[in-house]
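Asker: Before I ask anything, here is the structure I am working with.
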Amino acid sequence: MSREGYVNAALIAGLIGVPLWAHVAGEPFTITLATRAVIFALAAVGLNLALGLGGLVSLGHAVFFGIGGYAMGILAFHAQTYTPMFPDWLNIEGTKSMPVIWLVAVVSSALAALVIGLLSLRTSGVYFIMITLAFGQMFYYFAISWRAYGGEDGMSIYLRNSFPGLNTLDPIQFYGLCFVLLCAALWLTARIARAPFGLLLNAARQVPHRVETVGLDGQRAKLVAFVISGAITGLAGALFADLNRFVSPTMFSWHMSGEIMIFVILGGVARLFGPVAGAVLFVAMEHVLGDLWDHWHILLGLLLLGVVLFARGGVIGLLAGKARTHD
Amino acid sequence: MTDPVLEVRGLTKRFGALVVSDAIDLSLNPGEIHALIGPNGAGKTTLIAQVCGMLAPDAGRIRLKGQDVTALPARARARRGLARTFQISALAMEDTVLQNAMLGALGAAATPWRLFRPVLQDAALRATAEAALSRVGLLDKAAVRTAELSHGERRQLEVAVALTLKPAAFVMDEPMAGLGAEGGQKMTALLDQLRHEAPILLVEHDMDAVFALADRISVLVYGRVIASGPPDAIRADAAVREAYLGDAA
Amino acid sequence: MSAILIVEQVLNGLQFGVMLFLMAAGLTLIFGVMGLINLAHGSLYMVGAFVAATVAAATGSFLLALVAAMGAAAMAGALIEMTVIRRLYHTDHLDQVLATFALILVFSEGTRWIFGSFPLYLARPEALAGSLTLPFGIEYPRYRLALIGAGLAVALGLWLLIAKTRIGIRIRAGENDREMIAALGVDIRTLYTFVFALGAALAGLAGALVGAIQSVQVGMGEPVLILAFVVIVIGGIGSIKGAFVGALVVGLTDTLGGIFLPELFKLFMEPASATQVGASLASMAIYLLMAAVLIWRPTGLYGARA
């Protein structure tokens, strides 16, 4: 096993061991922190597919995080108030079933990613960054002005949604669900990276004109990657809303987009487990430093500057050395 | 006489008032190397860009294997068998040599939308890629990261990627660029063999290589083909001598 | 709806537009010359507003507050250019985004640390208090008129600087050919620091001017920053003219959309839901405009064609 392999294995062991220990020791708050880290990691695994493999610097991934969150919020809101979702002619009711909510979250964020991707991929480089940022802001303001679903205040969901056969109110069981979804997303992105599609995407990032001259469509590959990426981040949004039992426009804010990107970078771009390491580090810092000093964001900013200017590989790069190509 | 594989008729391109391609006629017959030479700024790169579909001409037609491809994008022309190499190597530097060759094989096989099956386990793709690498003498470097190749090896890999397409015609933009004497000889020998697989439209500044390899040479000056014919005729052509050497005609 | 209201709203849109221009001009200049995307531009706007509020409170002079705001923003700009930004010119856009996002975290949290979370208050100058009566009996606040005038004056000054002066020639040369002007012996490091500080000063000025009609608080620069990005995407990155046209278009669309869209929907919907739908759509109007421009011209109105 390579050094990166050991680092990854240690991360997974920690993500299994620490919550289990907390469960036995009766420390539910630690489990909640771990859940938060795992959900952030899932959102960042989504972004990493677009960013690391496709080279798409999306500063608007909060759109998908927010759509996932609102998918949960809206469905659960109608279920808890027993109101139909649409005017009478379309009798759709809300739901408290997680699998249904997840499906809606994934499909709707994938659709949003398709539309945003189609528009944004007409451009590249710095235009792409600004446009994804602007679309993020558009959703943010839309959510603020949408009073039916809480407007600026957001909305609270009083019960956690259900999953067949599990008691989702038990922190460790909910954590387990989130962890399994994270592993599934990691497995999926690892497969994609090694598949023909991954090879194509990887080359489209590095040498777009070469891809065209061997008869392949690099732009479409980037669009597909963007859609899958948005769908994964959307799923994370639905889980995040369930963890907090609350959704608000801040899930759409560009700080959220920036933070998802920070998870990827702190851990190491284009490393399979980079987003996981980054999200864990972020949540740990938030908890430890946040307790010590209200203004811990100053330290976060300085750390991020340090990583960008001096430690390009992020945490995994520091621990595992230079990136190796997939084989 | 057999029909040309690649045929250009009346190709014209203007940038504002500047005519960069002026009613160019060219053809590429099976088994031949057709060299395109001319001083810097003669419009060779623009011509190649139009032939390969990176740039749309203002007028004229381009036919590949008898089919009109003038309106098709680069991607579609590549799928119909037009393989180009770049003057400045266009390779995925972070990837291995094999992965670069596989990309070409993937283009030829047209299965890039498989999301799951590991590409390096695809025996057919791998065989195509390895055969091409072996042709250019890079098989033993298959697992090396492309960034670690020497300049000459990158030029060879450029050709290998084109080979994986199993093309009907090659368009090569200065394959000798930056090669030393030894590398140049190796490349010359390689191209000499390749012409039997598919004819080559060769843009090249290395005149030794051009006169050693070419069956026909066309000379491009200010966007116009001023002479076209076998090497000996070109060497003796008065207009060519004037353009290159400033000889009085 | 009266004609007076319409004129008022157009003036509001213009005022918003010229302030956006002050932000967008700096951003587009910095991108054009150095190839850098600077997310921390909004922080310099915030620095301008806070310094203006502090100086105005201490001295009572609005003019002094403006000068101090520009000076402080320019100094902050020069400082971050020399310590951080300079290392980013040759890196990819991802690094630039991350490093300047990191700067936002430091600036915003640092400001909160020093000034606390409560908004500061910046009083308008006495001389510009009250309203002016325009032709047709339109009453319009003097201060907002002064903002329009100041914005247009800065736009003119910037155009003169770039088109007519020696330093302007160097800036334009820097956009076209970095190696060349370095080869000609122009000190490119100093030029870059100057351009960055100039952009920062404009942002600081905008922050101070707008600070007197809004509250001065942490995070105030970010919505403006993102709107300024929309402006440059519409106008074309690197083009000052594009920034000007784009800023006015965005300023007018945003202001007029917020007023007229709800009215428009009232024509065929019940008032309550018309207000709701109109407001939602108005909040999205400029982004829809941006999307439309992108479909029509992917590099913006005045951007270089790819």
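Counting begins at 1 with the first residue displayed.
Note that Cβ sites are derived from N, Cα and C of the backbone, with glycine treated the same way.
Sharing the feature lines straight out of TrEMBL:
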TRANSMEM  C:12-37  transmembrane segment
TRANSMEM  C:43-76  transmembrane segment
TRANSMEM  C:97-123  transmembrane segment
TRANSMEM  C:143-162  transmembrane segment
TRANSMEM  C:190-213  transmembrane segment
TRANSMEM  C:219-237  transmembrane segment
TRANSMEM  C:244-265  transmembrane segment
TRANSMEM  C:277-296  transmembrane segment
Asker: Look over the recorded stretches C:190-213, C:244-265, C:277-296 and say which has the most C-beta pairs under 8 A to the transmembrane segment (C:97-123).
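Answerer: Looking only at C:190-213, C:244-265, C:277-296, the most contacts with the transmembrane segment (C:97-123) come from C:190-213.
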Asker: Any residues 6+ beyond the ends of the transmembrane segment (C:277-296) with a Cβ under 8 Å from its own?
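Answerer: Contacts with the transmembrane segment (C:277-296): 227, 230, 233-234, 249-250, 253-254, 257-258, 261-266, 269.
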Asker: What residues in the same chain, six or more past the boundaries of the transmembrane segment (C:244-265), come closer than 8 Å to it by Cβ-Cβ distance?
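Answerer: Sequence-distant neighbours of the transmembrane segment (C:244-265): 1, 5, 9-10, 12-21, 24-25, 155, 227-228, 230-236, 273-275, 277-279, 281-283, 285-286, 289, 300-302.
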Asker: Among C:12-37, C:143-162, C:190-213, C:219-237, which stretch has the highest count of C-beta pairs below 8 Å with the transmembrane segment (C:43-76)?
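Answerer: Result: C:190-213.
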Asker: Under a Cβ pair cut-off of under 8 Å, which of the recorded stretches C:143-162, C:190-213, C:219-237 contacts the transmembrane segment (C:12-37) most often?
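Answerer: Looking at each of C:143-162, C:190-213, C:219-237 in turn, the most contacts to the transmembrane segment (C:12-37) are made by C:190-213.
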